[in-house]
Amino acid sequence: MLCYDIHYKPGEPNQTYDFCDYVEGVVKYATLPLWIIMLVPILCVIFVTMVKRNEAEDAHWFIFHCAIMDLIVNVSRILLWIFPDLYNTIVKEIMTFGIDIASNSILLLAFTRFFTLYFPHFYHKVVKKTTLIYWMIGFDVLIGFGLEILGLNSKSIALKIFYVLIMSSLFLFVILVFIKIVSMRKLAKSSSERSSLRRLNHAAFLCLFQAFVHLFFLCSIFYNNFFELYFISSFPPGTTLFTIRMLLLICFTPNYQFSVILDNIATLLIVKSYRTYLLKSFKNMTHGKWKVSSTSEAVGVNGTTVASKQTNSKVIFYTRN
């Protein structure tokens, strides 16, 4: 068992190890059902995006990119569970590469939301529908190979800095997007468009929820890679902190699984275009039409479209009902 293999020393109390081994056994048998459960929301996001591709905004495609990366990791893990003989050093490196990209792909979505809201003209000059795929591939290469190359030396200070830059950038983008949405909510409150206010509330929640779900997992990666070995001597066996440290190590894979499940379910339930399509599919409901009060520039937020423009001292919103 992991607890004994890494930490057990003769003469140490074994109650903590027994507890951790019990948890490790539960986690071992729970991971396969969780991989299978993950497939449902991931495939729903991919399917709806493909069906609605003609109406998709950039944010939809970056959500799609996240889902594709998660799907690759998911399917590879299930195949390895079914065919364990396939596991070798090469497969391990490929899976590590995949999970690095999947767990950090939220950064590309946060980047898109930030520049769409703060610098829309510059963003649309640089990022076009025809170049989206190149941005995604470039991001995957940068993150994947960057972490792989830096990860050759797990004690490298450059690898630590790389992770810190990813997490701090994600946090910064999310906070700035949230601030912008809050300012847009103030304008919405002064108008008669309740649907716009409701949509902005949904956008604010999804923006924060997705980011912090992924940040929690990224923090667990950071901890397991850089601090776990340093804390072995600090947390002696039998203490509460030692038990917590072991549980964080054991539950690394379930942390990733739950972050993906929650992220994709939140996307399906909160983003209007996904939710509407699912309701239409399962409850035979029809889509609403665009309500346009005046001419304005649309701004994509979390896969929805919310825009405002000051016209004759009155705030005008586009909404999709």
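Cβ atoms are placed via backbone N, Cα and C, with glycine included.
Annotation source TrEMBL lists transmembrane segment at 32-50, 62-83, 95-120, 132-151, 157-182, 203-223, 229-252.
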Need a quick answer: max count of Cβ pairs under 8 Å to the transmembrane segment (32-50), which of 62-83, 95-120, 132-151, 203-223 is it?
62-83
What parts of the chain pack near the transmembrane segment (62-83), using Cβ distances under 8 Å and only residues at least 6 beyond its ends?
31-32, 35-36, 38-39, 42-43, 45-46, 49-50, 56, 91, 94-95, 98-99, 101-102, 105-106, 108-109, 112, 136, 140, 260, 263-264, 267, 271, 303
Taking a Cβ cut-off under 8 Å, which residues six or more beyond the ends of the transmembrane segment (203-223) line up next to it in the same chain?
103-104, 106, 109-110, 113, 160, 163-164, 166-167, 170-171, 174, 177-178, 181-182, 185, 248, 252, 255-256, 259, 262-263, 266-267, 270-271, 301-302, 304, 306
